[in-house]
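*Asks:* Could you have a look at this structure, given as structure tokens, before my questions?
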Amino acid sequence: MIPFIDAPFTYLGDKIGTGGDELKLVFSFLLSYPLAGVLKRVPDARPEQKNLFILSIGIFYLIGLFDLWDGLRTILVSSIGAYSIALFFRGSPYMPWMGFVFLMGHMSVNHIARQAANDPRSVDITGAQMVLVMKLSAFCWNVADGALPEAELSDFQKDRRLVGLPSLLDYAGYVFFFPSLLVGPAFDYAEYRRWLDTSMFDVPATVDPSKKPPTRRKRKIPRSGTPAMLKLATGLFFVLLFVKLSSWFAPEVLIGPKFLEYGFARRLFVLHMVGLTTRLKYYGVWTLTEGSCILAGLGYNGVDPVTGKVSWDRLQNINPWGVELAQNSRAYLANWNINTNKWLRNYIYLRVTPRGKKPGFRASLATFLTSAFWHGFYPGYYLAFLLASLIQTVAKNFRRYFRPFFLDPKTSAPLPHKKYYDFFSLLATQFAFSFTVAPFLLLGFSSSLLAWSRVYFYAVIGTLVSMAFFASPAKLALKKTLERRAVAAGVVPPDSSTAAASKRPTERLQRISSTDSLPVLGLSDDPQRELDEALAEIKAEMEARRVEFEARAGRKSFSAGAAGSEAKKTS
């Protein structure tokens, strides 16, 4: 059966110059649509049949389509290991971390094997395992939350907590959910359970009965064919565009001899197009898989009580327009790999932070390292992560100290010339990340530096110059100018106290320009602040140890003196 399935894909791949496994991957995404349609029609009252159908299709994908026997073993080891840890160590506060370390360690072994094999045109299990790590590490945390009092949980934790462990069949269906098995999107078990028992589709009493979404044949899952087909068409468009452009803008172009023949402007254009072409592949893949999840009903995200319009964006993993038109680094990263951002935020960043305390350096460092190791161990990843983190810092400072000049100081409404700021921000963001992601595509250290050198390290130099600028007195000058501007506009009344007069506009400025402080894809937007926090923590720890040491030394001296006095009395 395997040779029979493999032969047409190998033949077609040779004809169009691509790998047979890559074609099979796209075929699996397309096949998921009719199969998701069948899954949706399994009676709502028979969840065990849904699970068995999901399990059989998932195993067929791994074995029948890709011959990934090792991949099946990998998924079984990870899923059985995570379930066992949750079962036997449920009462331990270390249980979720045990599961996390086990899953990340297992995946790291496969990342290293993948890197050693160095065959990017073949499909291995690491992509599916990366999705599985997100799902199963979240599962361990959800089980741990189920053992805690509700008073100690956030609203998100209450929504996702698991009071008891699921049955093995339900768990297997969650692990092998075929529309998202190979490349995602990831989701929590509580969402899968609500989809399985159809409680996800309960319409709140606040919704007018006439606004309830239409269903077919008394099924609770609303009709989802139209939004799913739109995702299918969009995903295919991205895939076809990628196939067309990849022959011109493959990553190898950046280190080829012909690239040196171009002028600097054309090199920038080619560099940007290489990144865009690679993104098109992910746009296509993630849009296709999201569409099949929507068709199965799992993409359902509620209904608008006023219009009755159904939202199907629960599992959206990419916002192409948000990425391509981003005017700052946070918007660029937040619209990319959305579900990974959610996982890092909810199950790493906020979990490292002790309850009742504000996340700090340790939380950011743990999130950064998790994101880096989760992606793999190619040197290019770490070059890209490091530069992106510095760009985040620079972008934050530009937004905080330059953007207010283009806003009305009273209303914060855009001034007429803000369109120039927006256009420049768009260009700066896009070309900064075109440069930054090049190592992510080339992977190797020397090839990454070679590509950067051919465009004269423009993003590195620009970032370092900007950091030096904001570390100079110029930052204070900008800050004072903004404060005077606010006072002149009557936002802050003149005050005899300079400190009081300057504090208010500064606070208002920060409110206007601040964004969500949580890290995006594990990248800090303020490494300097977190370095200061780290140094403060180290200093406080050293001071605490010094005080403790002196206290112990004092107690020992007192004990020795008391013993000496007692000895003299005795003699």
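Even glycines carry a Cβ here, placed using N, Cα and C.
Quick paste from TrEMBL:
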- 552-571: region 'Disordered' (REGION)
- 51-69: transmembrane segment (TRANSMEM)
- 171-190: transmembrane segment (TRANSMEM)
- 228-250: transmembrane segment (TRANSMEM)
- 380-399: transmembrane segment (TRANSMEM)
- 420-443: transmembrane segment (TRANSMEM)
- 455-478: transmembrane segment (TRANSMEM)
*Asks:* Could you tell me whether the transmembrane segment (380-399) and the transmembrane segment (455-478) are in contact, taking contact to mean 3+ Cβ pairs under 8 Å with a sequence separation of 6 or more?
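*Replies:* Stretch pair touches.
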*Asks:* Take the C-beta pairs under 8 A between the transmembrane segment (51-69) and each of 171-190, 228-250, 380-399, 420-443. Which stretch has the highest count?
*Replies:* 171-190
*Asks:* What parts of the chain pack near the transmembrane segment (171-190), using Cβ distances under 8 Å and only residues at least 6 beyond its ends?
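*Replies:* Sequence-distant neighbours of the transmembrane segment (171-190): 25, 28, 32, 35-36, 50-51, 54-55, 57-59, 61-62, 75, 79, 83, 123, 127-128, 130-132, 134-136, 138-139, 142, 159-162, 165, 196, 285-286, 289-290, 292-293, 295-296, 298, 314-317, 339-340, 343.
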